[in-house]
Amino acid sequence: MCDQTFMAATFGPCDSCSKASPLMNIYIKSEAINYCSFCVEMMACQGLQKGETLATLKKESENLKKKLEEERGKLNDIELHQVAEKVEAVAALSLKTRRVLKGHGNKVLCVDWCKDKRRLVSSSQDGKVIVWDAFTLNKEHGVTLPCTWVMACAYAPSGCAVACGGLDNKCSVVPLSLDRNENLAAKKKSVAMHTNYVSGCSFTNSDMQLLTSSGDGTCALWDVESGQLLQSFHGHTADVLSLDLAPSETGNTFVSGGCDMKANVWDMRSGQNIQSFESHESDINCVKYYPSGDAFASASDDATCRFYDLRADREVAVYQKDSIIFGASSVDFSLSGRLLFTGYNDYTINVWDVLKGTRVSILLGHENRISRVRVSPDGTALCSASWDNSLRIEGTGPRGNPTHPAPQLHPPAHSGRSQSVPRADRIYSPSNKFLVFPWVFSQWEWLGKSSKGSALEPS
């Protein structure tokens, strides 16, 4: 069959044998052909050689997988934490809650940052999608969808639109308007259509293409303007729960994870599964690329997070503790990739040292399970969404001063004239010509006595 296919289940006469029975609606280039299960099995067997059966092929596939794991094991001569023994440990991390966003009437299921580092979009079980100015706490836009459980949302790269989808099996794109009184729901456009719930969505490096993952076991690439299916990705044997696009602007790969305990890496051009990893013992709830694009992390209901190196083609680290018995729901990396933020079903966020595999910090505050964690594009803030109907934004003050007051919209006065502003979002005050005090007043924290590094990690 053609690469551009996906299936639905219906009841009626088979287009091949004309029998009325449960059917598989097979869409080939958007053209529906109905086959009963017997005809589908017959077509699957047409290419078999003499003496071959589907059972023997499945057994052969399992044997090849075992051989592949054996070869990977032979190359596994050292662990990541052993390589990093001489690397300096991460200093104590003091993150404080800078903002609490409330407005949803039910569980917040997803959140995504805009590239302007200031706005957020969130989706909820109450059927609403809200666009926030996270610094002022203002709700800039609100869209009510026809179904509840809006499980996925994403900001377009331009910041001019958001995508959202859920139990209606659709993923819609909503253009954002400067007129806050405009009815955005009327401008909503359905782009993607699956045969089961939409679990994740992400724009590619432009506003014109959209990636989706679904409970029907497939991922798909869509043209936003026409709504046409550009490519479908088959390889998971159960619900796909998460996807993440490679961070490179020219990257043509993405990773997906699902209820079959597999993490698959895909080539968007060919639709082929180019790498597959099976080391989790339960559903994979979230996958996230490492900032360099050479690795990715996964979070699972088996209470572990795992780190996979794509170049080595194997798992290189596991992040777990005996005291953690609840599933991991979401992961994201700090800007440098040294820290891994993981949300758990026990209402906590654990911060891991990626290299050493040790836990650096635990973030508390939510009153129900964490559904999503996302680091801002510039690495200065961490946003978490929870089933307690809220979102929280964490930031850090200067090291050694964890009691520093919450950020102000405008920096306090200091002696001396202000220098020229080298960046539009910063003001520098020369209290000491060798000591620069930067305030990022479009962000979430005072960066302290050094402008080096990300605010969420040691410089």
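Each residue, glycine too, has its Cβ placed from N, Cα and C.
Summarising the annotation, TrEMBL assigns coiled coil to 54-81.
What TrEMBL records for 393-423 is region 'Disordered'.
Residues annotated as repeat 'WD' in TrEMBL: 101-133 (among others). Counting residue by residue with DSSP, the repeat 'WD' (101-133) contains 0 helix, 20 strand, 13 coil.
TrEMBL lists 191-232 (among others) with the feature repeat 'WD'. Over the repeat 'WD' (191-232), the average per-residue pLDDT in this prediction is 95.
If you look up TrEMBL, you'll see 233-276 (among others) marked as repeat 'WD'. If you look at the repeat 'WD' (233-276), the same-chain residues 6 or more away from its ends with a CB under 8 A from one of its CBs are 3-6, 196, 199-200, 202, 204-205, 211-221, 282-289, 291-293, 296, 298, 300, 308, 310, 313.
When Cβ-Cβ distances below 8 Å are used as the criterion, the repeat 'WD' (277-318) is approached by residues 65, 72, 75-76, 79-81, 241-248, 251, 255-259, 261-265, 324-333, 335-337, 340, 342-344, 352, 354, 357, 372 of the same chain, each at least six residues removed from its ends. Summarising the annotation, TrEMBL assigns repeat 'WD' to 277-318 (among others).
Among the features that TrEMBL reports, repeat 'WD' is placed at 330-362 (among others). Residues of the same chain lying 6 or more positions beyond the ends of the repeat 'WD' (330-362) and with a Cβ under 8 Å from any Cβ of it are 80-81, 83-84, 87, 89-90, 92-95, 285-288, 290-292, 297-299, 303, 305, 307, 317-319, 321, 324, 368-375, 378-379, 382, 384, 386, 388, 394, 453-454, 456-457.
For the repeat 'WD' (363-393), same-chain residues at least 6 beyond its ends with a Cβ under 8 Å from one of its own Cβ atoms are 95, 97-102, 104-113, 115, 117, 120, 122, 124, 132, 134, 286, 326, 329-336, 341-351, 440, 443-445, 447, 454-457. What TrEMBL lists as repeat 'WD' is 363-393 (among others).
Across the range of the repeat 'WD' (330-362), the DSSP-based residue counts are 0 helix, 19 strand, 14 coil.
Assigned with DSSP, the residues of the repeat 'WD' (363-393) fall into helix, strand and coil as follows: 0 helix, 16 strand, 15 coil.
Sorting each residue of the repeat 'WD' (191-232) by its DSSP state yields 0 helix, 25 strand, 17 coil.
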